[in-house]
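Feature annotations, courtesy of Swiss-Prot:
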type     : residues                                         : note
DOMAIN   : 27-279                                           : domain 'Protein kinase'
BINDING  : L33, G34, V35, G36, T37, F38, G39, K40, V41, K56 : ATP binding site
ACT_SITE : D150                                             : active site, proton acceptor
REGION   : 302-381                                          : region 'AIS'
MOD_RES  : T355                                             : phosphothreonine
MOD_RES  : S360                                             : phosphoserine
MOD_RES  : T368                                             : phosphothreonine
MOD_RES  : T382                                             : phosphothreonine
MOD_RES  : S397                                             : phosphoserine
MOD_RES  : S467                                             : phosphoserine
REGION   : 485-536                                          : region 'Disordered'
COMPBIAS : 485-505                                          : compositional bias 'Polar residues'
MOD_RES  : S486                                             : phosphoserine
MOD_RES  : T488                                             : phosphothreonine
MOD_RES  : T490                                             : phosphothreonine
MOD_RES  : S508                                             : phosphoserine
COMPBIAS : 516-535                                          : compositional bias 'Low complexity'
MOD_RES  : S524                                             : phosphoserine
MOD_RES  : S527                                             : phosphoserine
Amino acid sequence: MRRLSSWRKMATAEKQKHDGRVKIGHYILGDTLGVGTFGKVKVGKHELTGHKVAVKILNRQKIRSLDVVGKIRREIQNLKLFRHPHIIKLYQVISTPSDIFMVMEYVSGGELFDYICKNGRLDEKESRRLFQQILSGVDYCHRHMVVHRDLKPENVLLDAHMNAKIADFGLSNMMSDGEFLRTSCGSPNYAAPEVISGRLYAGPEVDIWSSGVILYALLCGTLPFDDDHVPTLFKKICDGIFYTPQYLNPSVISLLKHMLQVDPMKRAAIKDIREHEWFKQDLPKYLFPEDPSYSSTMIDDEALKEVCEKFECSEEEVLSCLYNRNHQDPLAVAYHLIIDNRRIMNEAKDFYLATSPPDSFLDDHHLTRPHPERVPFLVAETPRARHTLDELNPQKSKHQGVRKAKWHLGIRSQSRPNDIMAEVCRAIKQLDYEWKVVNPYYLRVRRKNPVTSTFSKMSLQLYQVDSRTYLLDFRSIDDEITEAKSGTATPQRSGSISNYRSCQRSDSDAEAQGKPSDVSLTSSVTSLDSSPVDVAPRPGSHTIEFFEMCANLIKILAQ
């Protein structure tokens, strides 16, 4: 069965020292790249591949004080799906009791702000090229119901080839029809009049204003609204009057004035900008591929399956959102993201993935080669293009020397084994399942069907995969076999977890427990003791109930 790796609650990792440096997960943290509202951004180096990443450290206490803990969970899940050449990728999220570590794409060119400060204004052609890339990223976010709300040259990074990459979605949030944002955030010099005045705003229009300020900075090397005295700065912004140098093209001046309209209702939308004559010059086709037509009658099974895996939800939940045209629901957003990403890869031949350096264009090799950061323990996975049957066959390997993938029905975690089992017991108790402890790392669980009064049963076995990774395996069980192997044990229904103390197991211990090679599915129905119950066979239903038990448990653990 497919291994489920996005067990967010249990995907915690402790800080470790590595040659005097802090290590989080597989990443050795290095120098500080910058300091933001919630914490620092450090460069990280993957201990296995040697590739660099940027690690954004979000302090939990600061997040709690802003009351955004509940809001960012599904937003981060969708940001993992974002794949655009001009948006910084989010690879993985690692949690510790004190911090959240967001492992992101690293680019070497620094901030656009520093580049302008050092080199001054850019020529019109280069300004247009970068602005086209920035607006393409903003449009991608808006189409998938995310607003940035803090766009500025400091949040636009440059790669080694002088391509723009939008970063720092820390202040962004999902937008929905009829919902107005009240939060006043962002940097004053780039903030729209409705933001600094505290008025209600919908979201996309504030990104248009900020994009206009960035375009002005590219063309002029200065800001349209600037003053050391904050009240004076606010007055300039609310008046919307800015200086236009004589060297500016009249066409771009008209675009700037449309984007920097004080009245958000009169302000340019992305559609207006895309149709502007200045913007359309030398516009690469890949930046704005044709809009997808999302059909409520034609469902993409591959995308549907991927959403269910990433959000640990049922197909019915996703289909309900799609059929009801609830496009603002995170499940629907994720579904359309996956389709959008595939369409971009298929239609845009010069579209390259947002990796560093971005000189690898799409070809057959790059479509099948995994990203260097996509190692087995990463939480985030890139939405994949369609594969051949050979690629989907785990028995075949396209390249010699590549270790064959191992499939499990279970969850991997790098937490301590005692903590894993303690969390499992809490989840079982919350679901009102019954269980008994065979040993500290092996539980037998059953659930009573309220309709048939029969029991569905499974075992939970924790295995050690390597020196730091554990696999919680789900298995449908047959009591006659299990009791003969393990003997009887007193059923424990208490929520107490005092039994789980330091009792680490090695790989040899796992083998001694009779590690299964496959997930065993059985259609027999037996009682928790060794005596079978005479119940008429229910072909297929036992398997379905087993998977329902697994799904319910995983949902609780993922909260």
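Any Cβ shown, glycine's included, is placed from N, Cα and C.
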### Task
Work out how many Å separate V41 (ATP binding site) and D150 (active site, proton acceptor) at their Cα atoms, rounded off.
17
### Query
Roughly how many angstrom lie between the C-alpha atoms of the residue listed as 'active site, proton acceptor' and L33 (ATP binding site)?
19
### Query
How many neighbouring Cβ atoms, not counting its own, are there within 10 Å of the Cβ of the residue listed as 'active site, proton acceptor'?
22
### Task
Sort out for me which one of L33, V35, V41 has the most neighbouring CB atoms within 10 A, since those are the binding-site residues we care about.
V41
### Task
Could you tell me the mean pLDDT over the region 'AIS' (302-381), as a whole number?
58
### Query
Including all protein chains shown, what's the count of other C-beta atoms within 10 A of the C-beta of G39 (ATP binding site)?
19
